[in-house]
Amino acid sequence: MDSDRSGVLTEVSVQEPKANPKGKAVAGAAPPPPVVISSKVTTTSNPKGGWRRGFAIFDLVLRLCGIAVALAATAIMGTTQQTLPFFTQFFQFQAQYNDLPTFTFFVIANAIASGYLVLSLPFSIVCIVRPHLRGLRILLIVLDTLMIGLAMAAAASAATIADLAQNGNSNANWAPICQQFDDFCQSITEAVQSSFAVAVIFILLVVFSSLTLRRN
């Protein structure tokens, strides 16, 4: 019985005729039975490998979507500014993102998140080719978890300032400014929503990577 690497088992049985002890052929003897060759083919499948590869492909798609959303949040906030059409002799009413350190941090954080997602694409492709790798998947889970904290911190802090600009604070006598800078506030809201979407994408990446490790 021979076995090759592909799981094909081949069984060959050969029965030789008995020889005459005197060395002479016996007249009228029946011819030797034919050689019987029987083959048995067994195939093995690994359904778990298919599930892991499917999760890895979905991981790659999520990272591509995260790159687009994070770049959109960075671009929207980084280009947000508005100048009112009226001004005085000494003042010009203008608002832009770098007037507040919170919005500057927002731009930097989302730029870091998008850069990390770009750099993680080769690792995600390797996980598709070799879905049984555990060390690389654990590394991605750790880094994705750090990016969740960064994206959530940027989105939450910017959302706080956006709410303050929208509603003001009567206790501190801060008047809302979005009635005048409506375009500015609209752009900030879109950027904050995009940043929260980036955080959700990172959460999904961690969840699916954890499910992959659990199936291993």
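Cβ atoms here come from the backbone N, Cα and C positions, even for glycine.
What you see is a predicted model, and the numbers here were worked out from it, not measured in a lab.
In TrEMBL, the region 'Disordered' annotation falls on 1-30 of the listed ranges 1-30, 151-180. When each of the listed stretches 60-80, 100-126, 138-162 is scored by C-beta pairs under 8 angstroms to the transmembrane segment (196-213), 138-162 comes out highest.
Only residues 6 or more beyond the boundaries of the transmembrane segment (60-80), in the same chain, are considered here, and those with a CB under 8 A from a CB of the stretch are 96-97, 103, 106-107, 110-111, 113-114, 117-118, 120-121, 124-125, 128, 151, 158, 184, 187-188, 190-192, 194-195, 197-198, 201-202, 204-205, 208.
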